[in-house]
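K.L.:
Can you keep this structure in mind? I'll have questions shortly.
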Amino acid sequence: MAKNDIRLQYSGFVIFAAKMLSVVTGLMFQFMVAWSTSGEQYDIWFNVNDVLAYFTVLVGVAPFWVMRFVARGKEGSAKTGFITNFVVSAISTVIYLAFIPFILSMLGISGDFLPVYLIASLQIVELYALTLFEGCLQATIPQTIGYGLLVQQVGKVALGYVLIVQMGQPLIGALVATIVAIAIQLFYYFQILAGQFKQKIHWGYVKQWVKGSIANIYNVIGIQISAYVFIMLYEIGGDGGRGRYGAAATITNVISYSSFLAFALYPKLLAEKKREDITTALKMVLMFAIPMTVVAVVMADSYITLLRQDYPDASIILVVLAVDTLIAVTTNVLSAVLYGMEGVDQHEKIYFKALVKSRLFVAFSLPYINSAIMLPLTYFVLTNYAFNQPLQAAFYLSIILAITHCVSLAVLYTLARKSTKIDIPWKSISKYVLASTVMGVVLFLLPHPAGVAETATTMEILFNIGQVLVLTGIGAMVYLAIVMAIDKEARKLPGAMLQEVRGKKSPST
């Protein structure tokens, strides 16, 4: 691909803006689900995704290599990757349909929910296609992923309102709305990638990807093993544990959107390997991740009750997960650095021995280190200190995850530093921390709305949401005012983004 085709800051801010706009639509959808379901149904809503995860375990295997090949301009890699991923998704769906009745029985889930899990099978094919398409777009025109996200979110909310609220189908309606919305998103992506799908198929790529994918499969199996902690939470923690954790994670997931500010870093490093891009990415991500974490911590009581009025005690889980998400966001940037600087596949040939000896393989082994920490510790803590205690179980699990992610951060930082020199922008970070601290104090001193009664009217609910949003807006204005006053680079950002929108690319972006 041509040099500088990917604009780091522009692509990052477009996707981040789309993600933040999707917060509104995403929360609207979650509100509809949360307010329309019982405690048991709400647990099932999250458990469906937990179970699906084991049948989409290979979803990112081929796209990992396809994206690297597309970023380096290898003809036909997108089309070849799509066909490969489609075959894998079809096989995964058949296996899922065959085993899901036995899985529900094993988990003690009523057969009445079987139709929900059967409908969810359609998401398997969609997720394989979506991951492949987004990998191709990330390597060429990353900002279009933001547009696709908005298309999907708007469609999901509109369909969700009809199916969940109007037709009174909270679980099946939510799934159908999600499936149809993703289908629309896939159609949009396909139109953009149509040119690449006219290229010839290169089956020789598949041979190389299969060799490299042994390491990817090794990695994703480790990830799924570590994810068993959520099954343990559901089985050992008691009713409401998974729901409490899921509600808190829904809020803190917004913090993770800041990592999309560095979304273009990975393919840009693959193409150019410019060290200064790493520092720029860290600044962009932490400029937003730090204040978002502080807001989530200070206003945890208000945010959690937006989703579930019966989970006010889950605010402590939200606090821990907010910090954990900040750690994860930083880890994601370091992962992009490590993957982007690795050249084990740069000549279209992947040698397994070289891959095993690479830093990439060490990073792929991290889930096993995580599992060695999380699984025995979670089982011990939940069975001895939180058996059938949903709040305590979810809280202890969130702490265990945060500790584990700290280990991952340390390992990835060490590996990334061995790949290239990383200039940590400590001066900028200190300014973000200062501005966030002042903002946090202001929000702490202001009165927080702590939810409404279960019998509240629609107007009372909307007023409560409005109060929370106003407080969040006040916090954002305080932070931006301070950071703009003390950070020169932050003051330049609006002008730089305006130039990008007008098509006048800045050399630094």
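Please read every residue number as a count from 1 along the shown chain.
Just so it is clear, glycine is given a Cβ too, placed from its N, Cα and C backbone atoms.
What you see is a predicted model, and the numbers here were worked out from it, not measured in a lab.
Pulled these from TrEMBL:
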TRANSMEM  12-31  transmembrane segment
TRANSMEM  51-70  transmembrane segment
TRANSMEM  82-107  transmembrane segment
TRANSMEM  113-133  transmembrane segment
TRANSMEM  145-165  transmembrane segment
TRANSMEM  171-194  transmembrane segment
TRANSMEM  246-265  transmembrane segment
TRANSMEM  285-304  transmembrane segment
TRANSMEM  360-382  transmembrane segment
TRANSMEM  394-416  transmembrane segment
TRANSMEM  428-446  transmembrane segment
TRANSMEM  461-486  transmembrane segment
K.L.:
Going through 171-194, 246-265, 428-446 one by one, which has the most CB pairs that fall under 8 Å from the transmembrane segment (12-31)?
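P.N.:
The stretch with the most contacts is 246-265.
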K.L.:
Quickly jot the same-chain residues contacting the transmembrane segment (82-107) by Cβ under 8 Å, restricted to those at least six beyond its ends, or write none.
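P.N.:
Residues packing against the transmembrane segment (82-107) from afar: 47, 51-52, 55-56, 58-59, 61-63, 113-114, 117-118, 121, 124-125, 127-129, 131-133, 197, 201, 206, 209, 231, 234-235.
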K.L.:
Sequence gap of 6 or more, Cβ distance under 8 Å, 3 or more pairs: do the transmembrane segment (461-486) and the transmembrane segment (145-165) meet that?
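P.N.:
With fewer than 3 qualifying Cβ pairs, these stretches do not touch.
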K.L.:
Which of 51-70, 113-133, 171-194, 285-304, 394-416 shares the most C-beta pairs under 8 angstroms with the transmembrane segment (246-265)?
P.N.:
285-304
K.L.:
So, do the transmembrane segment (171-194) and the transmembrane segment (285-304) meet, by the test of 3 or more Cβ pairs under 8 Å (sequence gap 6 or more)?
P.N.:
no
K.L.:
If you count every Cβ pair below 8 Å, which range out of 113-133, 145-165, 285-304 shares the most with the transmembrane segment (51-70)?
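P.N.:
Ranking 113-133, 145-165, 285-304 by Cβ pairs under 8 Å to the transmembrane segment (51-70) puts 113-133 first.
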